Every structure is written in structure tokens, then in C-alpha cells.
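Only one structure is covered here, and it is reproduced in the block below.
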Amino acid sequence: MAEPQSSRTTSGGDGRLRNALGGVLCAFSLLLIGVLAFSIRLFSVIKYESVIHEFDPYFNYRVTQFLSKNGIYEFWNWFDDRTWYPLGRVIGGTVYPGLTLTAGTIWWLLNSLNIPLSVETVCVFTAPIFSANASWATYLLTKEAKGPGAGLMAATILAMVPSYISRSVAGSYDNEAVAIFALIFTFYLYVKTLNTGSLFYATLNALSYFYMVCSWGGYTFIINLIPMHVLLCIVTGRYSSRLYIAYAPLIVLGTLLAALVPVVGFNAVMTSEHFASFLVFLILHVVALVYYIKGLLTPRLFKVAMTFVVTVGLALCFAVAAILIALVASSPTKGWSGRSLSLLDPTYASKYIPIIASVSEHQPPTWPSYFMDINVLAFLVPAGIISCFLPLSDASSFLVLYLVTSVYFSGVMVRLMLVLAPAVCILSGIALSEAFGVLTRSMKFQRPTSDDGSSTAGDGSPNIPANSKAVSKEKPSKKNRNKEKDSEGSSSVDTRTEEKLLVLPCGPSAVGIMLLIILSGFYVVHCVWAAAEAYSAPSIVLTSRSHDGLHVFDDFREAYGWLRHNTGADDKVASWWDYGYQTTAMANRTVIVDNNTWNNTHIATIGTAMASPEKAAWDILNSLDVKYVLVVFGGLIGYSSDDINKFLWMVRIGGGVFPHIKESDYLRDGNYRVDAHGTPTMLNSLMYKLCYYRFVETDGKGFDRVRRYEIGKKHFKLTHFEEVFTTHHWMVRIYKLKPQKNRVRGKLRLKSSSKTSSMRKTSGKKSPWH
Amino acid sequence: MPRATSDAKLLIQSLTKAYAATPTNLKIIDLYVICAVATALMQVAYMGLVGSFPFNSFLSGVLSCIGTAVLAVCLRIQVNKDNKEFKDLPPERAFADFILCNLVLHLVIMNFLG
């Protein structure tokens, strides 16, 4: 009698030791995953330099600089007069402060510890740090749903997935860098509250939701997904009191916290994006009340109560719904904002808001982009969905719902592939973990000599550790240790039936494990390639390889540097809105329009100016006090994202507000051409002239390397503008508005009245905004 | 219909009898919830009379009442001995969570009150 007991205690001690070892291995793996997530995003720093990328990050960087220099009160109340001249922009009320405050806090913390990192360095490396945090949050979320093995797998996959890397490389200092971490962490806390029913986690959930609202406009995804999940749970009969605790405090506290953020403000209670949460809040209370009364009454009386309530309740419901629908239908967009509407109806933006339609990130993705961005995971996901259903729990139903909705949204807008990334990573992690579990379990419970798999259960504990050492993979062996603990604790009968159900032959399972490892190897290779080659370009510096080595095109910074050092501090620079953020951040000059695109008419004014002939354009720009005009031209080196390729959007947006600009005037037979067949309106427009002025001097023939033909008008002079700077590769060209002549020749009746009358005559026709 | 009214009377009787059997601490929590919701309704009625400016004060007032009511319901769920899911949660822990959540709620309210 004493023998089995002592063996059980020693095996208990062994179990505890193995448990501790498993925990240490888990923590070490998580550390390595964090390091992996951080270092795979450093390719751009290694290949180029530690510089901020693209356009939007420059705005965030400028705001962080302001915050670090002037403190939080100045930042919160900041009115920026260096942009959207002459309107200015209320930065404090229109920016999502999460990212800036996070980076500002990190900078302040490091500086107070006497680690003197500059603001730029902190901004560049914020995204990799938070991607490490995001993979740890993924581990926590998947562990809540399926266990630590699946968690580690999902965390590893998320650390490397190209779609997330594309928006969080070192240098991509944009909202998504922090927001994806906040998203996953909020979901983790929600699932944790759902599983444990603890009000403490519900509070933390609300605070994490607050952080998400601070960080990104995509928080509306959370506040619509969680109500959908609650509704799903109610409808499938999985209502429990934990669901109430998980949802109701989140809504009340979350709405309040969302209303605290200035950019959301009262939209938290007034826009249709939040109505779903309130509706489900009411429904949840009704359901909770019904369950409570059901617990109080006998079944017969409950049926009576139900019939009584249903008749009265339905009438009330219809009345309230009618009022709500009347309220909502009275607003033209039914209460939704333009961006949300363009998500629900993909054709909405192209019809009504051309600016949203013109952004390349808002286009629907193509099939190859799915394979590029999530690679192998695209076909592991269905296996993950099946695995979530065996068994179905609240957490796994949440994961499936998250995946399905994010697949829809990623199909509408390529930018939202980013929201899809955590979902596919979690589900593929679950799938891979389950697959490894089944295969290694098959291998463990097979013995090559015996032909009866059930005889292994009869062996004592000493044989099982020997078997587990033979299976030398890290994560499967941890699962084996868990299984050993189970089998030692439970009776041997359970183990026998379990193996009988889930055992495959030994050879195929070994082959299966090898194939899965090779699959993961392909995934890793692809991710590293994507990170290094495809997603690490800083867009502000371009490189190209040719037979005589590596060429670096640093024209953008050259132009902004020239502006910074050679123009007056209060001079206004006009360019297309793409370059506004970079101009204010790097050149430190006032701009007319920038990437925030909040004022369509102002952008349309600039678009009209670019599309008008020289004199009309000069009038428009002079009315805005513009001194310098900046255009981006790629014809000399073959840079295809230049202003000539974007010109039709300028025409469309300008034509949307000023009807005298018609797109058909710029197209010859429906084709957009700037060669000899181009329309006269096109060849006389300011954009054409500013881009191609003196271009024929470069090669004598004016061959445009992007459009691949010779330009139409080759020799012309500029009457109202003068060229002040062209960068080394002709990528950025800066022109100055010529001041008006002091004397007007040949047109005078009276000097003063003739000038004003001639100005009025020309301005009255061409510039309707005077 | 007499049958409907007698059914309704029977219903209400059995409801009151079953409710009277609940322990006192739960009844106190229920009273608190009813008071909070009544306060919220009074605020909405006042808003209907006087207009909704300043809106943030109205919102914070109503949401604080509703919020504390919801948290009290959560406390009731966790403290209720008939609830099998929470049988190993000590009621002191439930109350501490309730206090913490209320603290956060009221901090936010005071900030938003304006």
C-alpha cells in the first residue's frame, strides 16, 4: 500500500518540477518571441538609416516634438497655424493622442533616467517595441481560448506576419503601431473577463478600451464586434452571468472614457457607429431580467408571464424602434461617418467623397496581396476554425466571429488587412498547435515493437519519461509533460480510451510533423524576405541598383532642406496634399493643404490651381498668400508616384467643387496623355508647365521615363512663376510666384483703375471664390 | 378577461412571494439599483424640461447613475449564493472589485463633468 503512495508523491514532486520547468521554458520562449518581433522590423534601419518613413509619421513626429518641448497642457490646447493656411488646424481636438502620448512618455521616462535618446530615435523605435508587446498580448489571448501551446504558436506567427510588419517597421511611426497592441490586449481582457467573471478584469478591459480609443479611429471595430459577440452568445443560448459582467460595465465605462477623448467627444453617444452597443446593452438587460424571473417562478407561471410580457413588450419595442428609425433617417448619412459608410458600402466613397477613394490604401486588395501579407496562414485558418468548434466555448466563438468580420473588412480596404492579421495568426496558431498535438501524441503512444497501442498505458511511469525524451521538439514535449501529469493523476482507463481515439500510425505522423515544420520554414523565409525587401522602404529615400552600383535618391530631403534654409520663416508653400506633413515637419514652413484632408474645398482650390493655366493659377495662389509652389516629378529617373500621375485626381477633386474644371477637357478620347496628342487644356495647365519646364534640356528630346513617350510641349517659358530650385534628380521642383509688375503696359485708361479693372475682369471669370 | 386578471394576480403574488425569500443583503443591493435608476430617470426628465446644454454634464450625470447601477448588479450576481459559477469567490473580493470599479467610474465622471 505504501509503495504506490510514495511513487505518487515522488511523481507529484516530479510533476511540480516539470511544471516549473515548463513555465521557465514558456517565459524564455516569450522573451525570444519579443526579441524576434523587435529585430525583424529593423531592416530599414540597417539598410537605410534611422529615419521616419512615409507621410503620416512625419505629422506624428512633429506633434511629439511639440509635446516633448512644450508639455502636455500646451499640446492638449494646441492650435496649429502652420498648416491649412489661412484656416489653421486645432491639433488638440482632431488628433488621436494615444501614439503621441505613449512616445512622449517613453521619451520623458528615459530622459529622467538620464538616458539621452532623442525624440526621433524614440519615435522610430516605438513601433517595434509595441509589436513585441502585441505578440505577448496574442499569447495571452490565445492562451485564454485554447491553452499555452497554441498561445506560443500564435505569438510566434504574429511576430513575423508581413501584414503587421508593413505598418510597424522601425520608422513607421503611425497610429497602427500602438493600436494593434491595444486591440489585441482589449480582446484578451474581454475574453479573460468572460472566462473568469471577475469585475477587476472588466475594469481593466474598459481602461484598455480607453487606450484603444485614444490611439486609432479603428476602435469602432471593437465597439461593434463585442456587441455582435454578445448577441451571438445570447442567440445561441450561451447566456451566463459572466457575459453580463463582461459586457455591461465595459459599455458604460467605455462610452464615458471614449467621450473623454476630444476627437471622439459626443460622437460616442450620437453616431451610428456606437448604436449597436447601446442596442445590445438593452437586449442584454432584457435577457438578464428574463433569466432572473425564470429562476424565481415555476415553469407554468413563467409561461403566463412570458405571454403577458411579450404582448406589452413588443408594442413598446415597436414604438421605440420607430422613434429611433425616424431620428436616424432624418440625417443624410443615417448617422454614420463617411469613412464608416465607405466600409459598409464599398462604392460609397467613389460616388460621394473622392478624397477617400483616391487614397491608395483605401482600395480593395487583390488576391496576390492576401498571399503576400498572410502567406501560409491563409490556408491554416480554416483548420483553425474547425479546431475552435471542438469544443466551442465563448472565447473560441469570439475568435471565429473576429476572423469572419475582419475578413470582410479586409476585402473592402487593403489598409484593413492589418486588422485581419491578429485573427489569422491566432487561428493558425491554434490549428498548428492542435496538429502538432495530435501528431506527437500519436508518436508518443505508439511503440515500434508492440502492435497494440493500448499496452503502453499498462506500463508504469518510468517508461513515459523515456518516451518523451525521444520526442525532442520543444512545444510538443511541453504538451507531453502536461499529458503525463494528466495520465498520472487520472486512471489508466481514461488514457487508454483517449489514445484509442486519437492515434495515427507512427510513420505518417513523423512525416506529418516534418511537413508541418517545413511549412513553417517556408513561412519564416517569406516573412523575412517581405520584411527585408518589400516593406522596409522609407519612401523618403529611394534606391535603385544598376550596373554601376547602388543609386540613392535623397531628393525629398534635399528639397525640404533647401526650403528650410533659403526661404523666409513665414513663407507659404503650396503643393499637393500628399507632401503637407513632410513639408511642415522637415522644412518647417506653412503649407496650404496637408494629409489630414479635412477640408475638401481647400484641397479642391489647390487642385483647381494646378489644373488651370498660369495666369489663373497665379491668381488663386496669390489669393492664398502663397510664395512657393512645390511639385514632384519623376520623369527623369522613372519615379512613378509623381504629381503627373496623380494629376487626374487633382482634376476630379477640383472639379467636384469648381464645375469649370471638367475631367474630359484633360483627356484625349478618354486617354490621359501628355505627349503631342495631349489636349491643349492639359498642356497649358500649371502642373504640366511646372513639371516639364526646361525638361527638354536634359536629353534634347524630352523623353519621360515614367510615361514612356516624348512630351508634347517642349519649349516654353513661364510667365508668372520662376524656377528657384530643382533637386539633383529633378524629383522635386520648387517655383516662386513672380510678384506683380509695377506698371502695366499698353492697357491703361487710368493707371490704378485699369489695374484693378483688369484684375477684376480676369479674376471674375476664372476664380469664382472672390 | 377574468382569467387573464386572475392569472396576472397569481403571477404577481408568486413573484412577490419568491422575491421575499431572497436574503437581505441582496435586497439592499436591489434597492440601491432602483434608487440609481430612479435618479437617472429624474435627470433625463430634468433635461427634457431645461434642455441639454451643457451636454457633457448631462451625459456624465446619467451615465454615472447607470454605471453604478450596472456595477451593483454585477456585485449582486457575484455575491448571490445561488449562483454556482461564483461559489468560490469570497464576497469581500467581490465588494473590493465593486469599489475599485466605482472609483474608476467616478474619477472619469468628475473629469467629464466640466
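Cβ coordinates are placed from backbone N, Cα and C, and glycine is handled just like the others.
Because the structure is a prediction, the values reported are computed rather than measured.
Per TrEMBL, transmembrane segment is recorded for A:20-40, A:90-110, A:122-141, A:147-165, A:177-203, A:209-232, A:244-269, A:275-293, A:305-329, A:397-414, A:420-439, A:501-525 (among others). The domain 'Oligosaccharyl transferase STT3 N-terminal' annotation in TrEMBL covers A:25-427. According to TrEMBL, the feature compositional bias 'Low complexity' maps to A:451-461. For A:743-752, the entry in TrEMBL reads compositional bias 'Basic residues'.
Between the transmembrane segment (A:90-110) and the stretches A:20-40, A:209-232, A:244-269, A:420-439, Cβ pairs under 8 Å are most numerous for A:209-232. Contact between the transmembrane segment (A:20-40) and the transmembrane segment (A:177-203) is not supported: fewer than 3 Cβ pairs lie under 8 Å, counting only residues 6 or more apart in sequence. Comparing A:275-293, A:397-414, A:420-439, A:501-525 for CB pairs under 8 angstroms to the transmembrane segment (A:147-165), the maximum falls on A:420-439. The stretch from A:177-203, A:275-293, A:305-329, A:420-439 that makes the most Cβ contacts under 8 Å with the transmembrane segment (A:397-414) is A:420-439.
For the transmembrane segment (A:177-203), the neighbouring stretch richest in Cβ pairs under 8 Å, chosen from A:122-141, A:305-329, A:420-439, is A:122-141.
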